[in-house]
């Protein structure tokens, strides 16, 4: 054995033959995804304009076909691939946490309700519409059910059989969710734009999207039809978030295909969600106050802006909206700065283990924030370069600046929190570490405990003398009270996380369910023009909306890890 030169603690020198084509398989699946995304983007954008000879049912047909293919692959994975004895050798403990899967199930339920409403709406015109418009929501409902079940039970899998097929299947399913997301975002954005500009002449706004405009020979005159139409548009935000949540979880699964996890370094943290323990309720109370106030502001804003033709009422609604957001963003920015300062005094070590979930979270936070950054900078340029400079312009400028600051400070706080070791890691004694929270231990490995002769020795990995049993480090630490400073810091971080979580929920609800001050405030529209500003908002705003919901999931993890 010694002639082989293999140290007992060194990793084996042999390579897994299944990993030889790892990079090639990944590259092929990525190229497949890129081509499918570009095709979907081309069809979705082309179907939005009357001058292009592409119809919305062409998009529905493509989405239906690829969803059926994804359903077939998921069933193959569940029935064939995952049932192999050597298929799942490892589980990624960081992938698919229960709160993320719970959120996916919640969004899936609302998506199914939306599919019911959409089926009922299109069934009202079955005699004058293509059958694919009725088939599409039914297929999407089946796809959502099967995919949700698949992600619930398989999100943590590190699969080691059928590697290339699994990579391509995961990337195809991920791309399908992105295509559904693009279609939903386009449909919802165009519907909102049509609602905002419904007072314009028909020739001005008919180009926006054919699918949402009256079709000759088809009319929605019955009350049930109008309920279906309004209902499924109100449920679009949940469908959009479902597609993005599923895409993120599928990407982590794709990264984990063929992954080998070292159990000696990959510690599985058993984190418990304790909402009402060791907290002062300040974050919950203040966050709920912001949430309820935001809902009231949204209702009043929608009523005054959309139902009133009086300019004074519209200006009052805009002032109210901007004022609420300025107060909310200011508090959030200050709280994030305070949390970052507290982290400077946190004694927890940084977690440097390989973690595809955390890497994706950071990339999504930084990438999605670019959408709101872009809108804010465009607004700043328009307000500064335009005249006159009234109160609404000043509020709009302050709102845009605070939006940039809040995204920046919140990203710093979340990313720093995600990189901290959980509390359990702080309570462990390393063999060469003699102090913990300022308390000194004298040769912890030499501490022994004499047990009765009739008792059996407690198993311990630590060396111990004859007739003595070594104490586990965790047993010693459990008897030590954590200093008050550490408790105060932990509680403060929990309060911050809960407050930011609730604030991000209301900041997701407001734009997702109709608040569009970018169109109600004429400053940017007059400066950039209708077409350019609509394109900027319709492209960037969905990323800003997704940022808020993704921040909620990340802040929940930061809360639990605090």
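Heads up, the Cβ atoms here are built off N, Cα and C, so glycines get one too.
As annotated by TrEMBL, transmembrane segment applies to 28-47 (among others).
Residues annotated as transmembrane segment in TrEMBL: 59-78 (among others).
For 98-114 (among others), the entry in TrEMBL reads transmembrane segment. Only residues 6 or more beyond the boundaries of the transmembrane segment (98-114), in the same chain, are considered here, and those with a CB under 8 A from a CB of the stretch are 137, 140-141, 144-145, 148, 151-152, 155, 231-232, 235-236, 238-239, 241-242, 245-246, 249, 273, 553, 556-557.
According to TrEMBL, the feature transmembrane segment maps to 134-153 (among others).
For 233-254 (among others), the entry in TrEMBL reads transmembrane segment. Note on the transmembrane segment (233-254): residues 29, 92, 95-96, 100-101, 103-104, 106-108, 110-111, 113-114, 117, 144, 147-148, 151, 154-155, 157, 159, 167, 170-171, 173-174, 177-178, 180-181, 184-185, 187-188, 191, 356-357, 360, 364, 512-513, 542, 545-546, 549-550 of its chain, located 6 or more positions outside it, place their CB under 8 angstroms from a CB of the stretch.
Per TrEMBL, transmembrane segment is recorded for 275-301 (among others).
The transmembrane segment feature in TrEMBL is assigned to 321-343 (among others). Listed as Cβ neighbours of the transmembrane segment (321-343) (distance under 8 Å, sequence separation of 6 or more from its ends, same chain) are residues 286, 290, 293-294, 297, 301, 392, 395-396, 398-399, 402-403, 405-406, 409-410, 412-413, 416-417, 420, 489, 492-493, 496-497, 499-500, 503, 506-507, 515, 517.
Annotation source TrEMBL lists transmembrane segment at 363-385 (among others).
Under the heading transmembrane segment, TrEMBL lists 496-515 (among others).
The transmembrane segment annotation in TrEMBL covers 527-547 (among others).
Fewer than three CB pairs closer than 8 A are found between the transmembrane segment (363-385) and the transmembrane segment (59-78), and contact between the two stretches is not assigned (pairs 6 or more residues apart). Residues 192, 234, 237, 240, 279, 282-284, 286-288, 290-291, 294-295, 297-298, 301-302, 306, 321, 325, 328, 331-332, 335-336, 338-339, 342, 410, 413, 417, 541, 544-545, 548-549, 551-552, 555-556, 558-559, 562 of the same chain lie 6+ residues outside the transmembrane segment (496-515) yet bring a C-beta within less than 8 angstroms of a C-beta in it.
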